Each structure stands twice: as C-alpha cells, then as structure tokens.
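Database features (Swiss-Prot):
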type: TRANSMEM; residues: 29-49; note: transmembrane segment
type: DOMAIN; residues: 32-314; note: domain 'ABC transmembrane type-1'
type: TRANSMEM; residues: 70-90; note: transmembrane segment
type: TRANSMEM; residues: 157-177; note: transmembrane segment
type: TRANSMEM; residues: 261-281; note: transmembrane segment
type: TRANSMEM; residues: 283-303; note: transmembrane segment
type: DOMAIN; residues: 346-582; note: domain 'ABC transporter'
type: BINDING; residues: Gly380, Arg381, Ser382, Gly383, Ser384, Gly385, Lys386, Ser387; note: ATP binding site
Amino acid sequence: MTISTDRPAPVSSWRTYRRLLAFAKPYRLLLVAALIAALIEAAGTTGFLALMKPITDETFIYKNAEVSRWLPVQIILLFVVRGVAGYITDMAMGKSARSIARDLRIKVMAKYLRLPGSRFDSEPVPSMLIRLGSDSDQVAQAAVDAVKVMIQQSLQVIGALALMLWHSWQVTLTILVLAPVLAWVMDKVARRYRRISHSIQESGAQLLQAADQTLSSHQEVKIYGAQQTEMERYGALANRNLRLAMKVESTRGISTATVQMIGAIGLSALLFVAGAQALAGRLTAGDFVVLMTSMLTIIPGLKQLTNVQNMVQRGLASAERLFSVLDSPDEPDQGTVPLTRAKGLIEFRDVTARYPGQVNPALADVSFVAQPGTVTAIVGRSGSGKSSLIKLIPRFYEAEAGQILLDGHPVQAYALADLRRQIALVGQQVMLFDGSIADNVAFGEMRNADAGQLERAILGANAMEFVAQLPEGLQSHVGTKGGRLSGGQRQRLAIARAMLKDAPVLILDEATAALDNESERLVQDALHKLMPDRTTLVIAHRLSTIEHADQVLVMDQGRIVERGTHHQLLAQGGLYSHLHGMQFRERQA
C-alpha cells in the first residue's frame, strides 16, 4: 500500500479549525477564565478612553480641581485591574496552548508507532520530527495564542467603537464605511498566508532532512571531499526557505501598510466630520479627544488582527499536516486467534510482495517450511529479497499474494502484539536507546524482568565481560544510539535482549557481517547459546557461519532458486557453490 506524504488536500479553514478546537475541550475552564479576564482587560482599556473626556473638559477647560484630584487615582486603579486581568489571560491561554501542543505531540507520536512499515519508507524521519516539533507548536498558536490576540484586540476595538458611537454616531458611521474595504484586505491576506505556509513548512522539512543526511554521513562527506557539493545543495534549500520567508514578510509589510493607510483615511475623515460637528456645537473638546484616542486605539488593534492571520494560517497548514497523519490507517490488526506461545512452525505459501511504487516484486512465489527448533539460512546477492522475506513474518509489511503461516494459521489471524511477542530480532544495525544497559536489555514488555533473569541473559550473550568493567555496571549509560559502545558490544547486548525475551522464533539479519574476528567469535558463541529449541531464520553474509543450518534457501531476484543443506548445495555446483567459492578465494587471497 502506498502512503503519500505530499501536501494534504486543502479543506475548509473553518472545518480544520473546528477540529483543532476539539483539542482545547479539556482546558475549557482555563479558556473561560481567560475570556472573562480578557473582557475585564478590554473594559479597562475602554474605561481609560472614556476618562479622556473629563480629563480634557474638567481639567483643562473648566479647571475643576476636585475632578483633577480623583482622576489620577482612577487611572491607576484601572491599569492595576487591567494588568491583573491581562496576566490571567496570558497565563491561562499559555497553559492551554502548551498543553494542546503536548497532547498533539503525544497523539501523533503514538499514531506513528501504529502505522505500517511502508510509511517509514515514504516519509523521512526529519519530516516526522517537523510534525512533532514546530508543527505542533504552530497548531497550538493557531488554536489558542491567535485566539487570545483576536479576543483581546477584537474586544478592545468593539469597546472603542461603542465609545465612539456614544460620543458621536455621525462621526463613527462615517469611519465604518471603510469596514468592507478592511474586511476584503484581511481576507486576501489570510488566503496568501495559507498558501505560503504550506510551502514554507515543506521547505523546513527538506532543510532538516538535508542536514540530517549530511551530518549523519559526515565521514563519507569528508573522505570524498563532498563538503562543497553538500553545502551547495543545502544552500539552495536554505535560499528557497529564505525566499518563502520573505514572501511572508512582504505580505505582512504590505498588509500592515494597507491597514495603516485605511486607518489614516479614517482618521482624516474623523478630523473632517468632527470639525464640522464641533463648529455646530455638537462636540466638546473632550468628545473630540475621546474619538481621537479611540481611533488611535483601533488602528493598532486592526493591524494586530491582520498580522495574526499569519499565525492562524500557518497553524491551520500545520494542523492539516498533523491530521493527515492522524487520519492515516493503522497497521491492519484484526486477528482473533489466541496465541500464548507458538511452537514455531513457519510456512510461506507462494508469497509475492512488492514495495510501494516498485514495478518488480521484492519477492515472487516464495514457498518454504521452517520446522520448529530448526535453523533456516537465507543467502543470496545483495538485493535478492532476503531482508524483505523476514520483514513479512512480524508483518512490518504485508504480502501482495500468498500466505504466511505460523503454527498453521495465517499471521493475520493473530493480534499483532501476540504475533510479535513470539519473535526476537537481532539485526546488523543494532538500535540502542539513550539509557542504561539494563534498560536496553530489559526493553519494552521485559522491563519488569528481575535481576537474576537480566544477569543470566547478559552472561549468556558474552556481554558480562565488558559490562563488569564499566564504572556503573548494568546502570552504565550507553549514549545516543549506543555510541559509547563498540559494534561488537552493541551486538552482544542485542543478543542479551533476545535471550531475555526467550521467544520461540529468532530472526538474525546479518548479525555478524560488520564485526572483526574477535567480536564475531564472541557473538557467534552467544548465538549458538541462543538458537537451540527455537525456529531460527538467519540471513547470512558469511556462508561459513551457516554450514550447520538444517536448510539453506538461496535467493536471487526475489525467488528461491536453490534449497538444501550446505553440503547438498555445494555438490549441486549452482549459485550457492559460486558464492561460497568467491568467499573462499577472498579469504585465501
């Protein structure tokens, strides 16, 4: 099944926003408190504007000493109340926004772990990190931070307009004629922001992916002198990101200038009409100051409401990217057959498998039986389908045709968790997590293993000889991806993990291919302790390591072209004999 990671199909902004607001429901009490506080804050702003009339008329025109004494106290009280309300609004909205970002990250991370393996082939990990990182933050900003700005500024604009209507409805209605023009500008700005936001987020993911590839392969980059090439490639992506960012700045600048121009026209209209009203004796100096300061409050409020469109549209674009993950189908998991501990009988019946977007199948009509307690070796040239075959057993991928059976039942008949509980995997590239040795061996469902079980597994894997020399023993940290340990040490910890799991099916994917002779000897010895009484499938690069396998499957171009024991295949003089002869000559050279 092909999984696309292209830009999500556009949906209505309101539909996306409504779905996004569902994540705010657990924090509705906080949001209600923030709304009430925002109303008080807006009332404080409106109250201060209303004081402009007595300040002007009573203090400067009528010289009223009594009013002049209590006005400063009122102003201080207003701003104290307004400041407290603003603090409550910021804290309540901030807590809600950060909580929504956390909830989204956890939900999307959990979803990624339920997606089929093909998703991880079609979407690079840096893109996933962008979704879990900046996308989640921008969604939180759209869901709450933008709402905070819109509520605060809208209430202040409404309060200022109400005050203007109270003092002179004629002047106010003259200014409101400009409202349709302003609404048109804000709509255009919102549409442009949304278009650019999709592109800039995709550009950010490409930048992160390019950096990840270059830095992860820094040794190859240096040894082949590719620094200039990689910097040119990264620079081109960075320049594209810059161009998109400048489009955002250009849109913001033009929209701000347009809103300010509309505000200037409104201010000019106010001066003209208010002057006429004053000449007719219908406006006092205090009324004019109230109208003027209210208008000067409205203009920056409108500017912020226009600029917040960028935050909203980027958040909505991020929300669509996150929802595209959340809406992706999980791994199929409809199995109902109970499975406590399998016997380990594995059978492939005419299995064909194909990767998404590939014309040629990775596997074609593959059939074999692995009896319980036996060792099945799988060999062949690079790209012959060996790894594809073993990935089908734990259902990391699904077969296109044919059946894979465990103990006589199709693997789809079992629940995924039950099926995977029967399998231990030791690969060439061992993944250790940033934690202690004990945490990495007693991993996942084995985390409650007792100290005796853990020690026996480490001893059996020939790992105790280096673990005992570490300052903190089992509690020693292995570093990111096990970076503090050698390849052989990591491999032995992976074997210890498999020993502790004690699964009836063991998969070894070229477990000794990249090791030196001494490390290989220790790992091979540990594997020989691990393999008895299990159904073992071994992908082998070094054919000398599988001479005692119960059966050897030789693969080429996705098909099993030879099968038999080591000695039978050598006697046939086919592909296996050819590969064995090549390795023998290499060792002799």
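Using the three backbone atoms N, Cα and C, a Cβ is placed for every residue, glycine included.
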Report, as a single number, how many Cβ atoms besides its own are within 10 Å of the Cβ of Ser382 (ATP binding site).
7
Going by DSSP, give the three-state secondary structure for Lys386 (ATP binding site).
helix
In sequence order, which same-chain residues at least six apart have a C-beta under 8 angstroms from Gly383 (ATP binding site)?
none
Maximum Cβ pairs under 8 Å to the transmembrane segment (157-177) - stretch from the list 29-49, 261-281, 283-303:
283-303
Report the mean pLDDT of the predicted model across the domain 'ABC transporter' (346-582), rounded to a whole number.
88
Counting Cβ atoms within 10 Å across all protein chains shown, which of the binding-site residues Ser384, Ser387 comes out on top?
Ser384
